[in-house]
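Feature annotations, courtesy of TrEMBL:
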- 1-27: signal peptide (SIGNAL)
- 35-238: domain 'Neurotransmitter-gated ion-channel ligand-binding' (DOMAIN)
- 241-264: transmembrane segment (TRANSMEM)
- 246-480: domain 'Neurotransmitter-gated ion-channel transmembrane' (DOMAIN)
- 271-292: transmembrane segment (TRANSMEM)
- 304-325: transmembrane segment (TRANSMEM)
- 464-482: transmembrane segment (TRANSMEM)
Amino acid sequence: MKRNSLSSFSDSLWLLFTAVMLQAVESAKGKYAHMLFNELFEDYSNALRPVEDTDKVLNVTLQITLSQIKDMDERNQILSAYLWIRQSWYDAYLKWDKDEYDGLDSIRIPSNLVWRPDIVLYNKADDDFSEPVNTNVVLRYDGKITWDAPAITKSSCVVDVSYFPFDSQQCNLTFGSWTYNGNQVDIINSLDSGDLSDFVEDVEWEIHGMPAVKNVITYGCCSEPYPDVTFILILKRKSSFYIFNLLLPCILISFLAPLGFYLPADSGEKVSLGVTVLLALTVFQLMVAEIMPPSENVPLIGKYYIATMTMITASTALTIIIMNLHHCGSEAKPVPQWARVVILDYMAKIFFVYDVGENCTSPKREKEERKLEGDDGCQRRHREVRSHLSNRKDDSDLKEKLNGNLNKSCGVHGENVRETVNCCSCYKMLIKNIEYIANCIRDHKANQAKGIEWKKVAKVMDRFFMWIFFIMVFFMSVLIIGKAA
């Protein structure tokens, strides 16, 4: 027990001694840091370029780290990004011998105390012209200054929305000195591209690279060259959101438009369906127009909307024309011969259009009876005419028989013969009335058959245009997917 207590007591003394020594070292370094700071900035000025020879070029190394894309405003063509900007250069007047200051090799001081290069974002699109964030700089004993400063930048970006929502964008971030030319301050790329190791994944955009390019430009105002470094941010839009919320509903709605031709004309909903689909697509078109910039480049999805709206407008107009054909009554002209051959004979068989009133739910017996009626209608009419003619022959035979009977029994049965003749005259009037009624019914059936033929023509044209517009919608959908790919 005594040995354990002695060992624990010695360990405590050792820890206490170590802590006291570290505190002494820290206090010693702190004392040397204050001494160094006072000696360095006693006669230092941050207004002038820190070079011993004024003709010497000061090299500034620039490195950009992209942390996050805050917003991509396509309508105003502005990219908002959160960047870490690292600049490093050598200050000829801020050097010391670290052995004289107890091995102190670096200190951290406010950045406004030293000279800083006026490197700014050339294509800045922000109304705020405030100074950079006044973070500390790291000053080394050899005069190297490293300045890390975070910045939220808003830069102008030329947005091409021709293939929206399957588009890719390239936004440039151009950094350069605002007042110093290339003979005074030169910018050097720290890396061949921007640093993306700390990038926070964006919900809308994918980063496919950020290459850096150095440019030396001579402007018209000045004869000296002005170097700059341009970081090209390559973005690829994640299109899943727009596919499920803009494109897929449009495709489904556009497939409803040809079904308007399949609706029966007597339902009264053919035109209203087309108008409803047209209004729905107009709403989607307005949603896309609010997102896109008002440029001459119409986006791919906008072209698809316009083509679909044009198709639906044409289908609604054709529906109105076909409904007029359907409602042609007895006063209309007969169906032309070419329409009988082309539409009623050939196209009706191709599109499986039967007589008006037939559908897939009709009983088989009713179909057979209607078919027999269609095939033997004319023969039945001929039989009716023959029956009327035979009735007329029977009437003449009856007259002859009545006359013979009248001659045979003129003296004996005078009153009976007279009654018989009166009955025959009544029979003649009855036959004439029946013939008149039969003619009226025959004319009514002929007019009704004329209207039925026009209805069948309208039904065949409905089926024809329904398949035509289905094919058009399908090919337009395949075309937009192919262009996107």
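Heads up, the Cβ atoms here are built off N, Cα and C, so glycines get one too.
Across the candidate stretches 241-264, 271-292, 464-482, the maximum count of CB pairs under 8 A to the transmembrane segment (304-325) is reached by 271-292. Here the transmembrane segment (464-482) has long-range neighbours at 247, 251, 254-255, 257-259, 261-262, 300-301, 303-304, 307-308, 311, 315, 318, 322, 347, 351, meaning same-chain residues at least 6 beyond its ends whose C-beta is under 8 angstroms from one of its own. Averaged over the domain 'Neurotransmitter-gated ion-channel ligand-binding' (35-238), the predicted model reaches a pLDDT of 89.
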